[in-house]
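Novice: I'd like to ask you about the structure that follows.
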Amino acid sequence: MSTTLLFKTNSKTNHTNNRNKESSCAYVLIVTAVYWVSEAVPLGAAALVPAFLYPLFGVLKSSEVASEYFKDTTLLLMGVICLAASIEKWNLHKRIALRMVMIAGAKPGMLVLGFMCCTVFLSMWLSNTSTTAMVMPIAEAVLQQLIYTGIADSHDDSDTVETQEDESGNKTPIDMPVPKKPKIRRDSLYPTKRDHMICKCLSLSITYAATIGGLITITGTSTNLIFAEQFNNRYPEAKVINFGTWFIFSLPIALIMLVLTWIWLHCLFLGCNFRETCSWSKKRKTKREILSEKRIHEEYQKLGPISYPEVVTGVFFILMTLLWFTREPGFVPGWTSLFEKKGYRTDATVSVLLGFLLFLIPARKPWPSEDPLAPMITWKDFLRLMPWEIVILVGGGYALAAGCKVSGLSMWIGRQLEPMSGLPPWAVTLLACLLVSAVTEFASNPATLTVFLPILSALSETLQINPLHTLIPATMCVSFGVMLPVGNPPNAIVFSYGHVQISDMVKAGFGVNLIGVLVVMLAITTWGVPLFQLTEFPAWAVMRNVTGSL
């Protein structure tokens, strides 16, 4: 009798302790989420809330919380930032951008497409914000050339002239005034309404292209890194998310979105006459197009011949990509199979190794001179680009996820979502995408994803759906906060140039948001199914579900 009573007392005490842990964890989650959404304090500072509240409430030990703030993805990001610092320091990004625009030409439609392509490519490796901040000044120089030449040429804008070439095949030089950026912009500054539409179209295309490019690689944006680390942390037995599988899944999404977004912006601002704005004919051009091309060529000539540091940076860029792809490609053994011990080497190993070498390799050829040799990058170059706020923010997300797991809150949330079990997987994913893309318009992308990932994971486990079916689309859709200047930093950068109004961003951004959600849904229900085996509830998710319920 006494043994039974003692057992019941202990069970009641454990149940009460579990309830206290769940409520304490929920309180910490809500407080942190409120700080993130309201931005009453900096995002990085708000991410430190679990570091002191979890130990105070007895959810996690201080040492356990601290270990969540520095993970494998932090090292991955540090290595990528080293390469990005070298790219920006030696102007390799500017050379790539100008060369791609020179190939596209000065016709408005092709000019927009050229800028979008180079922005997408750069945003795969640099942060979306850095890419936009780098490309916009180049685009602004071209736009200002359009504006200033249009003032003198507005009456015969449709007239074309034959481009004259000398014996060597070069175009004859044309005198061109150097434009200055006006301090205040009004509609009257634009010679014609069409000029204003071109400025709007090109400006918005850059921020949208930066968002699209960030989707392609696992390091392209901070939200991708947050997903990768939280997923690997929650499901350690799932060896399905790496640089290669993410790239194979997301590249078609980005290409389809790039084309559809370009068509949408073209129809919205430039009309539907693609033949007029996208001709590649070099025989007949307007005076304005000649001057715009000359402006781009002059900017490219200022860079001079390709330098030794640019070559080294380019080699490292290609080498890092190849090593990422061939680590564990899946269909053939990767280079990690050459080592005896398995599972020790990740994408972070590659990026940190190559990033470290950039501090050792000299920035010029060592043999012509005996002067002291400076390295490719310095620690100051690294610190200038390293987003420590994002690192702490990601760490705060890991800490919240760990607290939800230990306290049992994630299982409790999953039980509350059981009424949704009657919905098909695609409907659950669509609801998640729409909800996330709506919230991220008003809250920061990393904060939104950090809050939603544990909830969607618990929902997937409860409904017996492959967690990747909801987590990957939600991760991609959280980047589609493109309707307002506050949606993400690239939007704010483009808005600050004054060519677009909020109504323009809302109208264009709504279309881009819709395109993004539809393309992501198409991907997750077609080529995503065989790539991630989405038709079955995987063993690694079953193990997590059983372990969490014990």
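In case you wondered, yes, glycine gets a Cβ from its N, Cα and C as well.
Bear in mind that the values here come from a model prediction, so they are computed numbers and not experimental data.
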Novice: In TrEMBL, which of 130-147, 346-363 is labelled transmembrane segment?
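Specialist: That would be 346-363, per the transmembrane segment entry in TrEMBL.
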Novice: In TrEMBL, which of 68-90, 206-228 is labelled transmembrane segment?
Specialist: 206-228
Novice: By a Cβ-Cβ criterion of under 8 Å, what residues six or more beyond either terminus of the transmembrane segment (206-228) are in contact with it?
Specialist: 73, 76-77, 80, 115-117, 119-125, 127-129, 131-132, 135-136, 139, 241-243, 246-247, 250-251, 253-254, 257-258, 261, 265, 347, 351, 387, 390, 393-394, 397, 445-446, 449-450, 453, 471-472, 475-476, 478-480, 482, 488, 490-491, 493-494, 508, 512
Novice: Six or more residues beyond either end and a Cβ under 8 Å away: which residues meet both conditions relative to the transmembrane segment (306-325)?
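Specialist: Hits for the transmembrane segment (306-325): 79, 83, 86-87, 89-92, 95, 125, 243-244, 247, 335, 347, 350-351, 354, 357-358, 361, 363-365, 376.
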